[in-house]
Amino acid sequence: MTAVQLIVGLGNPGPEYDQTRHNAGALFVERLAHAQGVSLVADRKYFGLVGKFSHQGKDVRLLIPTTYMNRSGQSVAALAGFFRIAPDAILVAHDELDMPPGVAKLKTGGGHGGHNGLRDIIAQLGNQNSFHRLRLGIGHPGHSSLVSGYVLGRAPRSEQELLDTSIDFALGVLPEMLAGDWTRAMQKLHSQKA
């Protein structure tokens with residue numbers, strides 16, 4: 001069981017993307033930072049907002065890339081490389097089209113599923129895809145031609161409340177995730193329903 005050393009929240013930078021569906025991962029890390037009393041500070045060396053807290057005597061770093069989504073790997077690789085964090089000690093929180101709002105699931109490894117942020121992270125980590133993912137459901141607009149506008153749009157209040165609930169569920173299994181007990185974390189998280 002590899003303990004988590006880096007938690008990444010994916011999104012796009014700037015106020016025009018704030019609270020959009022595509023920024024669900026960044027929202028998770030913002031909420032986590034707040035819960036841990038951590039300030040996220042811009043660091044150009046890592047192309048993102050960074051923070052850290054201690055868990056059982058070990059540093060856990062937080063990162064929200066300030067690159068655009070399709071360049072997220074630049075930020076993740078810079079920080080992971082500097083601190084020598086292996087891919088299996090990284091958790092990436094991201095929006096998931098294939099799950100409805102209110103659902104959060106964990107996954108270890110796998111492909112990018114068409115998610116440009118995950119695609120770039122896999123590429124920048126040297127085609128290593130063994131990192132863990134926190135998938136936050138945002139739902140699907142129904143047709144692939146509508147996806148871009150959908151993910152870059154803001155969800156109605158009812159959907160946003162469901163996303164907030166799924167983030168609460170995910171924060172509830174933080175101790176298991178930090179300990180690297182993915183089986184227990186998945187059992188607890190996957191049994192939650194918004």
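Cβ from N, Cα, C; glycine included.
Keep in mind that this is a model prediction, so the values were computed, not measured.
The active site, proton acceptor annotation in Swiss-Prot covers HIS22 and rests on sequence analysis. Within the same chain, residues at least 6 positions away in sequence whose Cβ sits under 8 Å from that of HIS22 (active site, proton acceptor) are LEU10, GLY11, ASN12, MET69, ASP95, VAL151, LEU152.
Annotation source Swiss-Prot lists tRNA binding site at TYR17, TYR68, ASN70, ASN116. Applying an 8 A CB threshold to same-chain residues 6+ apart, the list for TYR68 (tRNA binding site) reads ASN12, PRO13.
Residue environment of ASN12 (site 'Discriminates between blocked and unblocked aminoacyl-tRNA') contains 21 other Cβ atoms, counted within 10 Å of its Cβ in all protein chains. According to Swiss-Prot, the feature site 'Discriminates between blocked and unblocked aminoacyl-tRNA' maps to ASN12, an assignment based on sequence analysis.
What Swiss-Prot lists as site 'Stabilizes the basic form of H active site to accept a proton' is ASP95, and the listing cites sequence analysis.
Each residue in ASN12, HIS22, THR67, MET69, ARG71, SER72, GLY117 lies on the same chain as TYR17, TYR68, ASN70, ASN116 and has a C-beta within 8 Å of the C-beta centroid of that tRNA site, without being one of the site residues. Look at ASN12 (site 'Discriminates between blocked and unblocked aminoacyl-tRNA'): DSSP puts it in coil. In sequence order, MET69, ASN70, SER72 make up the list of same-chain residues 6 or more apart from ASN116 (tRNA binding site) whose Cβ falls under 8 Å from its Cβ. The Cβ of TYR17 (tRNA binding site) lies under 8 Å from the Cβ of GLY11, ASN23, LEU152, each on the same chain and at least six residues away in sequence.
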